[in-house]
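As recorded in Swiss-Prot:
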BINDING   Glu9, Asp57  Mg(2+) 1 binding site
BINDING   Asp57, Asp59  Mg(2+) 2 binding site
DOMAIN    3-83  domain 'Toprim'
Amino acid sequence: MANEIIIVEGKSDSQKLKKIYGENLITFETNGLGIDDKKLNSIKELSKKNKIIIFTDPDGPGKKIRETIIEFLDVDVFNAFVSKQDIDKNSKKIGLAEASEEAIKKALDNLITYNKKNISISWDEYVKNDFYIKANRIIIANHFNLSEDMSSKSLFKWLNWMNLKVKDIEKIIGE
């Protein structure tokens, strides 16, 4: 994972990844929702020479951190996702550090590129094709290991960030 920096929420996430991939892995910790302008500017500087991978927890704060970073950067951002189902059932926390090694490797092997400048689907297309309906949102969310609770507006934004077209989304729903 040379020239890659994985953005995580905390120390336990970094420790988990380094246990799997070795101590040479480079992570950047946001300290949860404590991500501020100084950290965002540090990530922006790092993005000039490195591939940025966001790997946050599969919960509300993780989603918020991910959105904050993507909206701040002017480059492609790579995203790794684990689902809540990948978390140890005995854990009280829903975090990356509690995910299985297999789930973490699968997530990092299947990165999704986001770019905030993408506009691949209009709101009219989104509504006309019933992508906003909860049942369809859940199918789409599960396909990408996103939260099933994601709002219609958030999913619309994220589908554009992924540069998905109507036919791509129809294929996902039809699977």
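Cβ coordinates come from backbone N, Cα and C, glycine included.
The two recorded residues, Asp59 (Mg(2+) 2 binding site) and Glu9 (Mg(2+) 1 binding site), show a Cα separation of 11 Å. Mapped onto DSSP classes, the domain 'Toprim' (3-83) shows 38 helix, 15 strand, 28 coil.
Confidence across the domain 'Toprim' (3-83), taken as the mean pLDDT and rounded to a whole number, stands at 95. Remark: of the binding-site residues Glu9, Asp57, Asp59, the most isolated position is Asp59 (fewest other Cβ atoms within 10 Å of its Cβ).
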